[in-house]
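A quick write-up on the structure given underneath.
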């Protein structure tokens, strides 16, 4: 009951104060971008003091080092929030509320996707910031597949954020961001010359399991969920229907391609240790 009371108070705060100004959804995107910039700068200061190998990195490597800290921070935040909405809250339960599941949203869910600066714009603001950096330093921070991934992410977040429709599928896709910290840790270990360490091997195994669960099995569940609720999906606006149909499909194909690379990399690492 006490937890429920705090949740109700949070909903009231968001609804009565933070959602009161129609300009906030847009100004908060800027706040999210500024938050990314702050994490970027703090990472540089922290790394200079606590990581001996950091000063010896090239300028582009230091840029990627800081950029990956932003993506790690965002991934942890958005994965936890998305898991809460999809599996722990009752917002998208088939039994708790009446009406189509595709039209359900709350002040907190919209808040998380991007309407308010405390939580929200971290997600949309992050993808916009990271996309800009990828394009600016192209192809060092990622090839065309990363540009496509981020463009789809921006479109997939912006539409449900502004319309309140199809948010459940956006949160399902965002759970896949839980694999990002492992990917970034692999890069950090490699850059720090720890490719043959036990930590690198353990991280590779964790990456394999996390990717299988969060980007393969989860997407199978997502498609099954769409199939079960297709009559409700058809009631969403035209752009929303298009995004629900295309974004998860394209991302799942990319996930399978990347999963193949993860398997090859893990097998190569295991072979070297034997």
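Glycine residues also receive a Cβ, built from the backbone N, Cα and C atoms like all the rest.
Nobody curates TrEMBL annotations by hand; they come from automatic prediction.
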Which range of 39-65, 201-227 is transmembrane segment, per TrEMBL: 201-227
Range annotated as transmembrane segment - as stated in TrEMBL, picked from 69-87, 88-106: 69-87
Contact set, same chain, for the transmembrane segment (169-189): CB under 8 Å, 6 or more residues outside the stretch: 64-65, 68-69, 71-72, 74-76, 78-79, 81-83, 85-86, 102, 109, 113, 123, 156-157, 160, 195, 197, 199-200, 203-204, 206-207, 210-211, 214-215, 218-219, 221-222, 225-226, 244, 247-248, 251, 255
Overall pLDDT for the domain 'TLC' (60-271), taken as the rounded mean: 81
